[in-house]
């Protein structure tokens, strides 16, 4: 369906352009950090929402699939494998488009290595999202019902991803949803790719007052406050002293248990898991038997 892919590519390109111009060349200030977090949360969730177009694909092919498997044209496993493989080239194109549009324009860290991991994370997210939507298309009878379910579940995934509320603040009875959230792993992976540098400073002495009632105070007043704090704490804190590194930011976001490469492999694993579930829905949802 080339026209469907063209529309999806256009949506990804427009979204990437809007994000690139909205978050153009973010700095390393406290405000820049918050803007980076917002960019990552929106970018990762967008990759999943754009996969919703896969819902009508199987629903349109369903009766053809049932007829051809009834006449032993191919196995269900062959259909699942073929559908998975033919989706990969289009996902690569979408990932390159989105990553190339946003990474350097936003001013993300890591250089070429960081860009490569960002691209892989986007690709894995598209893979997991399309696999999840494909699985749902195998169990829902109507397109509109499928869209409603997908939008609702993806909203829950974003809510429990760790952006709106960190893992440390999520109630214990909802913590399980945090770990099954598809958005959690790409979000944490790109955060580690961006902030996992202990030598890079994001908040220095005078910047710690930004966002507080003292943020509008003069530079001289802030330096006097730092001098007073140094006397009380017994630690020298000057206007250029680093008080928050990338590692500190990750800890504040509750990201401390999984490496960025583990996050990547978990996303890929989720995609494979949903493809297997899709196979079982075909196996159990049809009475056609191969002879």
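Glycine is treated like the rest: Cβ placed from N, Cα and C.
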Which listed span TrEMBL calls transmembrane segment, if the choices are 80-109, 170-199: 80-109
Candidates 7-26, 38-59, 80-109, 264-285; stretch with most C-beta pairs under 8 Å toward the transmembrane segment (115-136): 264-285
Selected stretch (most C-beta pairs under 8 A with the transmembrane segment (38-59)) from 7-26, 80-109, 143-165, 264-285: 143-165
